[in-house]
């Protein structure tokens, strides 16, 4: 029985379907499979603190094995000395002794451990294997258990020599690719039964060390302690050169190499060097093309596990990084950090023309094109040039229709799965995002966030002119009113627009494309927003309510116009005489009194008038004459 904290946890280690015989097979190799071993090259790179941590982890491992009454195999003397597992024990004890204080010895017996003497070759072992002392019969020595000297195990492919057979086996696995232990639940394979057991524990959400704050479970106490620091904020490892602190020693070591320039891991293919092993492994996969991490939902594979975790959020909808200023949430940290720069404007890469800051050089380059007008991405099919690569990719899908995510209903293709899911809901009518204030539902989360600001009145994106906006895209579009920039031009008529959305809507006037049809009256519209607005005529829905007098409106523009009655605000001012108006069309009509422009002509008498309302009044004079 495996007991942690008074609770029987035997079920964590093996699936229920496995037989007692299979359990015995796992138990018989338990120590060697859970032992953490380093090659000689890796061990030389470890510092005193890391070696001390290694000792703590191994002690804890053996205490756990001691709890389940682990015994060591008793084979004949010849087999013992040929057995690579015995060499591994000797190897680890040697490493374990190195990590102890100078005044400690391997023969020291820790308190509370009862050694049990084996009948074979006078070997003495405590059940807590690394906490005990070991003696070997002088006539029977394992494979040169010493730090220097002969290295009898040489790998044929890479030429690396090893003191210990287990180190040789560890090196051999990447070449042979041999993985012997399969998880019956997910099919993943492992090179040792110990790794399989740990995988099963993690998969079942188990582990003896459970965080009281978030409930996450861990197999190793060292990992548990590291995790706890994410809650406490403790950073015990401080760089002596720049005072930057880290919660994990390995992160501290990686950082130190930024000062020393040390890069001990060199790629055999291209000689590129890396400061840490994980970066080296990730780089190697760019040569081999290996993508071991596969998404269970769509089959897409990734070279690193973190990329898989981020990708899986596109299926689950999980967005753990939320902006406290505007409420927008993100799948991964990088996007969140880039978003925050939009609020602060203090990115490290500054535009020399307008002073705006960006998080990376590529974002700055894209922005600079709005000043220079440069459009380096040209479509070979239609000749259209675009300033951003993402816009170019989206444009190419219009020609090819072969985006990775294709709608089965209308055939439209999309690059991003989240955008594709939002589009699918235009066909199904599904609206999973509901407002807690008024119960209104939306197809995409961004629409819900925009709607919620109508309740809170929050407008987090502020222009230098004082005007504020609900979302970043509206803010961007507004900025072009100051610069006068209209980078999106219609190829048909030459009309230019400040944003791509306006251009797309305009294009449909040439194409006569109206894909969105009203189910009630069959009237068709060029874009989805117009259809939704039109449907309110049939439903009588009036979602926009005045907070002053409770009058409701079908459209936001009507509400905004109405609110000016209460506020007396006149946003539209004539630049020639200073007269202000509540609506833009009133301003346009007024401006014609200065220019003398008369666009509206009476068909009866040919008289031209400056406004449509004036024309209607004039027409009545003809009607009176006929009466």
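Backbone N, Cα and C atoms are what each Cβ position is placed from, and that goes for glycine too.
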In Swiss-Prot, which of 140-162, 209-231 is tagged zinc finger? 209-231
Given the model, what does the mean pLDDT over the zinc finger (600-622) come out as? 80
By DSSP, how many residues in the zinc finger (405-427) are helix, how many strand, and how many coil? 11 helix, 4 strand, 8 coil
For the zinc finger (377-399), how many residues does DSSP put in helix, in strand and in coil? 11 helix, 4 strand, 8 coil
